[in-house]
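First comes the structure, then the notes that go with it.
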Amino acid sequence: MAAPSLKKKSQNRKMEGGSKFNKESKKSFKSKKKDSNDVVPPEALALQLEDDVPDFPRGGGSSLSKREREEIRAEVDAEFEAEERVLMKRKKGKKLQNKSHSEPDELGSLFGDGLTGNLPRFANKITLKNISPGMKLWGVVAEVNEKDLVISLPWGLRGLVRSIDALDPVLGDGTEDIEGNLPSIFHVGQLVSCTVLQLDDDKKDNGKRKIWLSLHLSLLHKGFSLDAIQEGMVLTAYVKSIEDHGYILHFGLPSFMGFLPKNSQAESRHAEMKAGQLLQGIVRSIDKTRKVVYLSSEPDAVSKCVMKDLKGISIDLLIPGMMVNARVQSTLENGIMLSFLTYFTGTVDVLHLQNAFPTSNWKDDYNNNKKVNARILFIDPSTRAVGLTLNQHLVHNNTPLMHVKVGDIYDSAKVVRVDKGLGLLLEIPSTPVSTPAYVSISDVAENEVGKLEKKFKEGSKIRVRILGYKHLEGLATGILKASAFEGTVFTHSDVKPGMIVRAKILAVDSFGAIVQFPGGVKALCPLRHMSEFEIAKPRKKFKVGAELVFRVLGCKSKRITVTHKKTLVKSKLAILSSYVDVTDGLITHGWITKIEKHGCFVHFYNGVQGFAPRSELGLEPGDDAGSVYHAGQVVKCRVLSSIPASHRINLSFIMKPTRVSEEAVKLGSVVAGVVEKVAPFGVVVYINAKGYMKGTISTEHLADHHDQASLLKSVLKPGYEFDQLLVLDIESNNLILSAKYSLVKSAQHLPSDLSQIHPQSIVHGYICNLIETGCFVRFLGRLTGFSPRSKAMDDQRAQLAEAFYLGQSIRSNIIDVNSEKNRITVSLKQSGCSSTDASFLQGYFQLEEKIAELQYSDSKGPDLKWVEGFKIGSVIETKVQESKEVGIVVSFDNYNDVLGFITLYQLGGTKVEIGSTVQAAVLDVAKTEHLVDLSLKPEFLDKSRVKSSNSQTNKKKRKREVSKSLEVHQTVNAVVEIVKENYLVLSIPEHNYAIGYASVSDYNIQKLPQKQFFNGQSVIATVMALPSPSTAGRLLLLLKSISDPTETSSSKKAKKKSSYNVGSLVQAEITEKKPLEMRLKFGIGFRGRIHITEVNDDSILDDPFANFRIGQTVTARIVAKASKGDNKKMKLWELSIKPKILTDFCESGDKMSKCEFSSGQCVAGYVYKVDDEWAWLTISRHVNAQLFVLDSAHEPSELQEFQKRFFVGKAVRGHVLSHKKDNTLLRLVLHPLCALSSRHVDGKVLNMDDAQNGVQHFNVTSHIQEGDIVGGRISKILPNVGGLLVQIGPHLHGRVHFTELQDTWVPDPLSGYHEGKFVKCKVLEISQSVRGTVHIDLSLCFSLDGMLSQNSAELSKNADALTKRVEKIEDLHPDTVVQGYVKNVTSKGCFIMLSRKIDAKILISNLSDEYIDNPEKEFPIGKLVIGRVLSVEPLSKRVEVTLKKLSASSAAESETNNLSSLHVGDIISGRIKRVESYGLFITIDHTNLVGLCHVSELPDGCVDNIETKYGVGEMVTARILKVDEERRRISLGMKNLDLGNDINILHLKAESDDTISENGTIDDSGSKPHASSSVGIQDMDIESENEECPVLAQAESRAYIPPLDVTLDDMEHSDVDDVIDKNKEHTGEAKIVGEKKRREKKAKEEREQEIRAAEERLLEKDIPRTADEFEKLVRSSPNSSFVWIKYMAFMLNLADVEKARLIAERALRTINIREENEKLNIWVAYFNLENEYGNPPEEAVKKVFQRALQYCDPKKVHLALLGVYERTEQHSLADELLERMVKKFKHSCKIWLRRVQRLLKQEQDGVQSVIQRALLCLPRHRHIKFISQSAILEFKCGVPDRGRSMFEGILREYPKRTDLWSVYLDQEIRLGDVDVTRSLFERAISLSLPPKKMKFLFKKYLEYEKSLGDEEQIDSVRQKAMEYVENTLA
């Protein structure tokens, strides 16, 4: 802290903002400087720990020598002098007052006499200027919020902790986000240790800085380790989880955990514990093995626990809040200096002394070397400064209690101490105890104070007000200024909504102004509240520094808002600041915040708001709320009603309401009105009633039709009188009216109350609102119903906004009325709400007349008198004026402004010329458009003439006749004459072509697309209104499509209607012919149809309807009731004209759905739909069938024209294959089914549902037999020589072999075939696999039976060219010429396909007479070759072929293959062809025959080392033991060749099952002792059958060469492998088995070494020096990885890396697939190559590694790569690979052991965690092996104690396993601790085990003592053994 200059008043406040600790310490010391607080470096620590260094040096002293101290002083002084020179240069030219260079530095040094010899003058203080990131501070929680914490720090600072910085994220534990959980984890007053993260400048307040803190223990405990923790230390931890017996704790570090037992604290505290909670505890014990620290958290013990002195303790181990024993070193001007923990010094500020009220003589209490208990207050690692506290509350680990409140005034505060130039310390007389308070000098008086000590004396009483509180120190801050006692607002708690305050403007911005109250509290005046009206430039009105009067709007979370609106500030009305204060009728001021169409939202004080509906805004009719009011406007409101619980207030801007008297106008009454004005939203009218009233009609309520409403509004003028208006609602003095005809007409039935509504009734209304889920329907007043979306439309796919519009007239069907919830549910579906009268159209025509009258009201000519000349149906003389595409325009001589129009349909075939005069009949008059629709059709003109011939006296008579003929509600058949936009003009032929009008729409479907009508269309309609003035003289009809069918008035028709039943005979007239049915009409308005299958009985005709014509009358019988037709509205009766049905009808017999169909049954039907795949047939009215395209024909040409052949209406016969359960859909095939096999049960056909579900696969092929000719379609061309995949059914495919594609052997048999092509196939074979899948083999060869078609003649000519396929191997003989396609190629030869079932091999030597360098290139897959058969093995189906040309010597060659020349007992000579572990393959001289000499027939002594004793090519002599001519096998023997015919026949049985594999080797599959080798060969045979790469050529002698000495597994020779076996129970057996295994292993290693040595000797004799020499060598030994690697090394020596890579690739391709170890050696060499020369090496190695995984054992490959990484010391890659390996091979004990071994070799932590993971992953039976080997590794590479504990643990579970005891003892013997070893032996021999095992242990003990040479111990062991024997025998 900077020392304040007492002469300068400007520095009086430096107490809180000084420089950091001392002026000179701004520049931190260099690393060379040392101080007493510094962490001792390692070198110094090593020195310190020696004996000559004192254990407890004196406080403040230094362990440095005198010479070292002098050197350091000199360096420091030089650096200080350099700094001073720099400062002098900077301040040159400036006056420096009171600068004395001679006096010591103000702060001095914290480092004692070890550096400068001078003590500091002032104690350290933390201020906003010197605080820095990384500091560790002690603080107390002041506030707990949802997202952050506020921490009170030392000296009154405040810091913030974000929620993410409050708790450490526990890795891998899935800890949830703690945001929002802070209040449950932390509490106010909690002491916490925190770390400074960063400092931000506060944007709102210049000069302030935000301090961001972290409570992460990972930062606080940084530098901690398990070794640094000692018992008795106090640690802070989080509760990670709560367990049964205690709490698992987390210290923020991953290296160790903690545990707090529940019995260590009270149960009451248990309940308070939560996950994430911070706690402190004393370390009771440390388990370093498990890395667990055990704590105790008793509060008393924790508060009294003192940190012990430790040698070499680091400053990182100092934690804020830690209690230490300290000793007073010296007193400073504002505190004391203490020394603690031997090496450290720290300072205590005067505010943190033991006495809360230190007087001016406080220094007398702290003598040098006085012992005190102190707690660490802060640590600054950058300057190594430490602050301490002696505050008694903090020392006892408690937060000081606060007994005063901010704003409290105390009149008699006692002055305890006066600090010159700084301030006063007071004692506040609070209860129950006094509270210390400090008053800064700036808060003492309004004016500057000269000398405090003169004005204030210690012990005097003064008046003070509490200004703030420092929570950590328990110290209040006060103020003595007179102004502080005057203001009404001192703190936020003093602010009340609505209060008037004066405030000073601090700042003005775009969002508003910041103002300050006299007490210092700040508030915001939003921009809208700065004035009554919006101000563009707020800074001009609000000047910074000005004082204005404000009213407080609200105070939430210390955020105060005020207003300067004059109306609000000067308002005398009540203040509304709470919903509880609201009372009905209350009048107050508010301000508008939002204006909506339906009302205004008004805000009051403290966030209270209300709503004023439009009717209460006091608006004139037609006015818009937005034009009268504006947002922010202050308004006087009256409360109408309120619901405080739901925060709802209804307001009114009308202070004295003037309601309309109910006597004058009632809701729902019909009134008249005169238009006052036409506004944008509608029309304002005067109401002709008592008093003066106005009403409004919205635009939507002018008419039922949307278009007419807009048109009427456009022609309305003020003064027009509405004679009928319905009062919908009464809002204040305004009436809401409607002119809708539908509402006015039903005014008496409209409900205004819930009680007037009854379910299942139809009520008129209008749409008042639309939302996504439905629409609201309003009736009278505010009575509203709701129609959910599902009940609003018949078509649910349509959108509500597209189907309805606001204000639309509708008819609603009441579904439900809920009186409790006041809810009405309605339906608007047209199906239930259609019109039952013509009011919709009647209103349209009435309004049309009104609009026409308004249009002509201003015209000078006659009004509408011209209409009288155009009466409906009258004939008018017209003149043709113009001809258009759609009709003719005519004019009238008497009416110049009226036009006539005749559509083409109404011309009636008459031809007219322009200018001619014609007579036309009037059909319709459009009054608003001055248009008349006319007709020239004779029926209308003739009707008029008949009328005109009658006299006038008969008019009344005719009227009576017309009225009699047409009655209301009568149903008539009408014809569409003209289609208008909104209605149809119809004629009724049955009633003298009377003209009627019908609407095409209805109330509820106005916006929906309308049904299309066309001229001449017949429709059914109902008469709704006869011509009258109310209908504008028109006959109004209602279409049947709009309304439900209504019953006619004629009872006779009703009877006739009900007399039609199923079975009735009717006379019907044909009205329409379709491909599959005829439409008929009968009776009156009845329609029916005859299905195409209802014409003939059994015989099927191509066109059954050919003999019928439209208009013909037929006799038919009704066979089914009426059903909906195509348009889903017109119902059709099902009729039949079958002769059988007409003569004898049985209703039940007609239902074909009950018929049972049997498989193969022949049925007939007609095609009604066809696509690319299927033809759909109708068998009857109820039954359909489907025919698949491939079942329709065999010939490709016919299949191609499938859709042409099966056109709609075609008659088809087929046979039933399958059907659905309900018999409504059949599957047909055209060809008759063969005799069904036993698969079909009881003659029933397969159910289609079962077939589709795959119940039985064989049923799918039930209609296909071997030898059938079927049609197919190529679905896929298989790669290489795979052939074709051909579809022959909907879900059935067959395969065409490559040799079955063409009749002749052609080079490219696939040519001409493509996917999707239709082909003709023959089924060769149907087979079923074990899994149940069906395999079908097909052939496309035309030479097969049944495949010849029209081009058979051409094929017969080429019959000679056809080469017959070899189907049976018996047909093949040596020297037979064959053809085939190459199936597979390798470097050793190839395989060819002779036919579908027979393949042959060709060795590379037989491919050609000449040398072939690249067989793959010369013989590509699919090539056609011709060759000769060399040998045939019928049993194994193996054929060998040669492509060499027949030479002169070849004739004799057949003799060399003749087995008859060989006899049992003959001695033959030959060369060894191949050496296998089970015997030798010997080629007999002068023949091509190969015999097998089994290993049992070799001479004695040669059995074990067969690979080393015999080599390939070596000459041997053998005796023929057996010749099997049928199987072409020869058995040889090499034993006792000199003993004559003494043949051991016992081995012949072992050779009886030998088979020759494709590579020419004899497979000893029947030999039991050598089953392993035979299995390998069998596997290879299977692979070749599966078209894998066949293994060819001779297998060379195997040699294991570790490339570049990389061992695949370092763990192979571990100690335990020889001993441990889970199945061993007896020591003797274990020993025998172990010795046997060791012998076998040793022998194998010796053989490998011999082979390797032999190869090396061969190389040494003739070392290859060129690439050609290496090429010869690899040809002679192609399977030797040793040779290949030498070749690679040779190329690398020549610096040809690319060539070395190619050699590696060749080696991988060449080495036999069985030689897995040889291949693996090449891969490892490849790894080494890429690791050395790859670019980049890491990526190159990974690519080779990925390839190697595909060919070799993955585990071996991983281990090989690991060896490469370890050998090249690529540790990061090795660790990464090992992590992947333990995940991939988690059940492998070897892999886990490698992981443990690597950790131990690298001396890394985490071995125990790996072992635990391994035990979780490994199977139970491998645990013993893993644990024991891990223990051995610990003994060898790690910590022996851990190995011992592992052995002890496993022996506790298996105490009788002597093998485990043996290994344990061996490890202890190797370690060399004699005492430990002997004690272990003593434990072992004291076990109660069987005698054999005990003998083993005693013997081992005796051998150990003999090796030590201690005779006494030897005798002791012998004595103990004798005692055991005696006790056992006894």
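Cβ coordinates come from backbone N, Cα and C, glycine included.
Here TrEMBL flags 1-73 (among others) as region 'Disordered'.
The compositional bias 'Basic residues' annotation in TrEMBL covers 1-12.
The annotation compositional bias 'Basic and acidic residues' is assigned in TrEMBL to 13-27.
Sequence annotations record features per position, and here TrEMBL assigns domain 'S1 motif' to 134-216 (among others).
Residues annotated as domain 'S1 motif' in TrEMBL: 232-298 (among others). Remark: secondary structure over the domain 'S1 motif' (232-298) totals 9 helix, 34 strand, 24 coil, with classes taken from DSSP.
Per TrEMBL, the feature domain 'S1 motif' maps to 321-391 (among others). For the domain 'S1 motif' (321-391), the model gives a mean pLDDT of 90.
Feature annotation from TrEMBL assigns domain 'S1 motif' to 407-467 (among others).
Sequence annotations record features per position, and here TrEMBL assigns domain 'S1 motif' to 498-565 (among others). Residues of the domain 'S1 motif' (498-565) grouped by DSSP class, helix first, strand second and coil last, total 7 helix, 35 strand, 26 coil.
Summarising the annotation, TrEMBL assigns domain 'S1 motif' to 585-654 (among others).
Under the heading domain 'S1 motif', TrEMBL lists 668-740 (among others).
Helix first, then strand, then coil: DSSP counts for the domain 'S1 motif' (873-937) stand at 3 helix, 34 strand, 28 coil. Feature annotation from TrEMBL assigns domain 'S1 motif' to 873-937 (among others).
Annotated domain 'S1 motif' per TrEMBL: 1063-1138 (among others), in sequence order.
Taken from TrEMBL, the feature domain 'S1 motif' covers 1267-1339 (among others). Residues of the domain 'S1 motif' (1267-1339) grouped by DSSP class, helix first, strand second and coil last, total 3 helix, 37 strand, 33 coil.
Taken from TrEMBL, the feature domain 'S1 motif' applies to 1375-1444 (among others).
The domain 'S1 motif' annotation in TrEMBL covers 1465-1535 (among others).
Per TrEMBL, the feature region 'Disordered' maps to 1556-1575 (among others).
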- Note on the structure: Checked against DSSP, the composition of the domain 'S1 motif' (668-740) is 14 helix, 36 strand, 23 coil
- Task: With DSSP as the yardstick, break the domain 'S1 motif' (1465-1535) down into helix, strand and coil residue counts.
- Result: 7 helix, 36 strand, 28 coil
- What counts of helix, strand and coil residues does DSSP assign across the domain 'S1 motif' (407-467)? 7 helix, 30 strand, 24 coil
- Message: Treating G and I as helix alongside H, and B as strand alongside E, what does DSSP give for the domain 'S1 motif' (585-654) in helix, strand and coil?
- Response: 13 helix, 35 strand, 22 coil
